[in-house]
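If you check Swiss-Prot, you get these features:
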- G110, I130, G131, D132, Y133, V134, L135: S-adenosyl-L-methionine binding site (BINDING)
Amino acid sequence: MKIDYLTLFPEMFDVLNHSIMKRAQEKGIVELNTVNFRDYSGNKHNQVDDYPYGGGQGMVLKPEPIFNAMNAIDKTSKTRVILMCPQGKPFTQQVAESLAQEEHLVFICGHYEGYDERIREHLVTDELSIGDYVLTGGELAAITMTDAIVRLIPESIKEESHLDDSFSTGLLEYPQYTRPADYNGMKVPDVLLSGNHKHIESWRHEMRLKRTFERRPDLLEHYPLTQSDKEYLEHLKRDK
């Protein structure tokens, strides 16, 4: 996969040169490139923003730098051009899984008040948001999405490492424990020490249901509950 970032602050993406992202690049699994669209301003002052027509607060990113920078990137008809925008579709694990199947992504990371609408209308295939809040720029959102996407590409990490992640199964992840089995009187559940894999899997599934019920009950509306699941959830409701 190739990922390009249109940004005014390329140095912010240095954080992707560590850990799993670094190894994925070294293995040739993903290629990350930053493009400073100020270099494509097309004017002697390298101006990339201007006052909004009709008045209003803040500055708006001009179309020329973004269009020029996009023209300088090698693209195909399948390239997904993603606008970082608080108005966008919520970025979820399912969206990450979809984008992980693509060959080329371009993230447009804005600053200032917003984008000239012609950028949105004529260049963008997707508008995505990481939450109902506003950041000073799109870089942090793009970095967050990149981490979520790249770890899903085969060979980035061990496949089984992400299969049980929260949201990958439709439920939140079960509690995890490691040694020691007893730390200052705080003990690991006996079932995890039993060696009975059937009982362990049953416990983990119940814990997924319990955590989802307690923290994200909205997810249960779309999860295919078995009769046993429904009975367990009714038990949780009675004990609440």
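Cβ coordinates come from backbone N, Cα and C, glycine included.
For the recorded site, L135 (S-adenosyl-L-methionine binding site), the DSSP three-state label reads coil. If you take the C-beta of G131 (S-adenosyl-L-methionine binding site) and look for same-chain residues 6 or more apart in sequence within under 8 angstroms, you find P86, P90. When Cβ atoms from all protein chains are considered, those within 10 Å of D132 (S-adenosyl-L-methionine binding site) total 7, not counting its own. Looking only at the binding-site residues G110, Y133, V134, L135, the densest Cβ neighbourhood within 10 Å occurs at G110. Taking every pair among G110, I130, G131, D132, Y133, V134, L135, the residues listed as contacting S-adenosyl-L-methionine, the largest Cα to Cα separation comes to 17 Å. For I130 (S-adenosyl-L-methionine binding site), applying a Cβ distance below 8 Å and a minimum sequence separation of six or more within one chain yields P90, F91, A141, T144, M145. The secondary structure of G110 (S-adenosyl-L-methionine binding site), as reduced to three states from DSSP, is coil rather than helix or strand.
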